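Asks: Okay, here's the structure, questions in a sec.
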Amino acid sequence: MLKRFLKRPVLGQIAWLLLFSFYIAVCLNIAFYKQVLQDLPLNSLRNVLVFISMPVVAFSVVNSVLTLASFIWLNRLLACVFILVGAAAQYFILTYGIIIDRSMIANMMDTTPAETFALMTPQMVLTLGLSGVLAAVIAFWVKIRPATPRLRSGLYRLASVLISILLVILVAAFFYKDYASLFRNNKQLIKALSPSNSIVASWSWYSHQRLANLPLVRIGEDAHRNPLMLKGDRKNLTILIVGETSRGDDFSLGGYPRDTNPRLAKDDVIYFPHTTSCGTATAISVPCMFSDMPRKHYDEELAHHQEGLLDIIQRAGINVLWNDNDGGCKGACDRVPHQNVTELNLPGQCIDGECYDEVLFHGLEDYIDHLKGDGVIVLHTIGSHGPTYYNRYPPQFKKFTPTCDTNEIQNCSQEQLINTYDNTVLYVDYIVDKAINLLKSHQDKFTTSLVYLSDHGESLGENGVYLHGLPYSIAPDTQKHVPMLIWLSKDYQQRYQVDQACLQKRASTLDYSQDNLFSTMLGLTGVQTTYYQAADDILQPCRRLSE
């Protein structure tokens, strides 16, 4: 009985190719067809026919590729790759509403083991195990009947390819205008079609990565300090906090009805409620905000082999330190002193390879005590990174309940998810306030200042979208609206003649973005270079300091 059950089923080669082409093109593209139905109402016979033609085209293309691969005995291997890739893509699209593009591949490649583990759920294991791994095993397990004679088999397969091509041509002849209009007006659709989405996105990512060995482009070689910043007994110390996945919409400083910023509300900070990000993923936003390029002209390839903000600040003679708790600086700190404090795995601060952001302060007191000269300290936080929002804050910050204490966020209610996320913001409030108090405790030696800016926002199930990383052109504002604030000590305001009331007024009425960080940090630290743009320096209109 067992022997009979384990006996390998046998299919002819054409039947095998047709079966697995259908599975890949139709069964692993449910996410694609669901998205098509959102943009193509079936309110006419023509639209119904256009929709029906889509799986026909997908099947024809996959069948052509697998059949041609069969001539060089690669059909099984290629089918398995398509199945595994398609199953994974479909799961994440259906579960989190993501889009498979280059930035998503970059996110995946930058994902830490801890982040990968956080995504692992019973639903994910079961879904990928059945639709991906099991299907791939079956593709190898099914025995293909040897073709006799081979010439006839070859002719049959060529005929299959020709018929598939003919079907594509016929669909194009009848529905080209419909396809062109649909995909032109809904460019994100093609990024839901497997396995082409993963193939194109991976190739695009590789094309960018291979440029990493290009020679370094130096900028700001004329960098020097404003002489007025060097006068006086006190040195200058600035902390720049790079936030992670914090939404401007959830900061009470910006009008959010919940009190998510109780500490910062007492710190006399300048909050900028109308701030947008450069990208919707850390891999894009962090290199962009530390570059001299505005978002509209940002060149990701150039940014990977060009100096940035911290290189210029360091060249001007300021001590720079980057403390990281978010999986790396994406190139922004490559040429300045930096350390991954997550790897310290401090007791009480770290769980399963991830740490609370308070770990970023480990050793900072000692570093500041021994700091000779001016300094800039960058704290790269893990902030509100999902989907394990409940792991971002210690138990005492669980203020808003009930919470979503699972990584299967799609199974939580909207109330639970927002409560959990808002608790992460409450902890962000604590971290930024702690940094301000750290600076205050060293005001006997330093004139101090602080900037906080999140890298991007987050979707919390609005319109069925979760997490972040959607293409900028179609991403919701929740992924692009980010919190930014500046704190200036009284000493800084007086010493460098900055009118805080002026800043508060401008902050509440004007629009800002991550484009402002580069020149604002140069101005804040008194670094002069031809790359500095006064129009982008937030403090400049309210500053009376001059040579």
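Each residue's number is its place along the chain shown, starting with 1.
Here the Cβ of each residue, glycine as well, is placed from N, Cα and C on the backbone.
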Asks: Both GLN35 and PRO215 on the same side of the membrane in Swiss-Prot, yes or no?
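Replies: The record shows them together on one side of the membrane, with a shared topological domain name.
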Asks: Looking at 10-30, 48-68, 124-144, which one has the highest count of Cβ pairs under 8 angstroms to the transmembrane segment (155-175)?
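Replies: By the under-8 Å Cβ criterion, the transmembrane segment (155-175) pairs most with 48-68.
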Asks: At a Cβ cut-off of 8 Å, and with pairs 6 or more apart in sequence only, do we get at least 3 pairs between the transmembrane segment (124-144) and the transmembrane segment (10-30), yes or no?
Replies: yes
Asks: For the topological domain 'Periplasmic' (31-47), give me same-chain residues lying six or more residues beyond its boundaries with a C-beta closer than 8 angstroms to one of its C-beta atoms, as numbers and ranges.
Replies: 54-55, 89-90, 93-94, 178, 182, 185-186, 188-189, 192-194
Asks: Counting only residues 6 or more past its boundaries, what in the same chain has a CB within less than 8 Å of a CB in the topological domain 'Cytoplasmic' (145-154)?
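Replies: Residues 10-13, 71.
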Asks: Across the topological domain 'Periplasmic' (176-547), what does the pLDDT come to on average, as a whole number?
Replies: 94
Asks: In the topological domain 'Cytoplasmic' (69-79), how many residues does DSSP assign to helix, to strand and to coil?
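Replies: DSSP classes over the topological domain 'Cytoplasmic' (69-79) add up to 7 helix, 0 strand, 4 coil.
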Asks: So, by DSSP, how many helix, strand and coil residues make up the topological domain 'Periplasmic' (101-123)?
Replies: 18 helix, 0 strand, 5 coil
